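Step one of this worksheet: look at the structure below.
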């Protein structure tokens, strides 16, 4: 078996999808988990204004609405979290995403003071962190806030991770990857766009250039520039299509070099 086939089998990506069916599958997946865990009453997503969190949040809102109707239980809620670091440059996109999602509840928590406080404490101990490490601190602080709210709201922290991120290891260990449940894990980027389009998401949101925007020294740097390969190539690879050798080598190197992120924790 080639490495490509092994990865595809492991991540469970389909070569083609029907958006309506995938939307139903994702909602049913979330519904089933909540029904089987009666103490959980809310779904929680950090909404950044990007494709992944917009889709995940919309699916969660649909799930909460469906459960309220089917179970005649108004306690099922979707909670959207806005977790900016200072002033977010694409705040308009975030607000447009919120209007599209129509969440039951919204909490706004600015993480900048917490991140800088942690950095200051480390500096006092003689540890000066790099801009790159600070970026990971932001991702972990956001996850910490989500779990704090989940604990107070009988909530489940829902991940926005997908197959194109997973294969490249383009996530923060114990940050955005540290979630309870991931409904879109088997989708690639173009499939995410298809689902958003099917749900009548504003075009500028589902066509938005993906970027993590974690590093202060490289603001608005898009994912593809960091990875050195396009999402189109990654998606085609995950759909078992032939791609150029250079892109294939980059993708497979990224996968192998980030195995430690997908196998946690390391045990004897």
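Cβ atoms are placed via backbone N, Cα and C, with glycine included.
Remember, predicted model here, so these are calculated numbers, not experimental data.
Look at Swiss-Prot and you will find 46, 47, 48, 49, 50, 51, 52, 53, 160, 189 tagged as ATP binding site, backed by sequence analysis. Here residue 48 (ATP binding site) comes close to 83, 94: these same-chain residues lie at least six apart in sequence, with C-beta atoms under 8 angstroms from its C-beta. DSSP assigns residue 48 (ATP binding site) to coil, not to a helix or a strand.
Residues or ranges marked as Mg(2+) binding site in Swiss-Prot: 52, 165. Under 8 Å, Cβ to Cβ, and six or more positions away along its own chain, residue 165 (Mg(2+) binding site) finds 52, 171.
Under the heading deamido-NAD(+) binding site, Swiss-Prot lists 140, 173, 180, 260, 261. The Cβ neighbour count for residue 140 (deamido-NAD(+) binding site), using a 10 Å radius over every protein chain in view, is 19. According to DSSP, residue 140 (deamido-NAD(+) binding site) sits within a helical segment.
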Out of 260, 261, which of the binding-site residues has the smallest number of neighbouring Cβ atoms within 10 Å?
260
Spatial separation of residue 180 (deamido-NAD(+) binding site) from residue 160 (ATP binding site) - C-alpha basis, Å:
11
Of 46, 50, which of the binding-site residues has the most Cβ neighbours inside 10 Å?
46
Any idea what the Cα distance is from residue 261 (deamido-NAD(+) binding site) over to residue 46 (ATP binding site), rounded to a whole Å?
21
What Cα-Cα separation, expressed in whole Å, is found between residue 140 (deamido-NAD(+) binding site) and residue 50 (ATP binding site)?
18
Can you give me the Cα-Cα distance between residue 173 (deamido-NAD(+) binding site) and residue 46 (ATP binding site) in Å, rounded to a whole number?
17
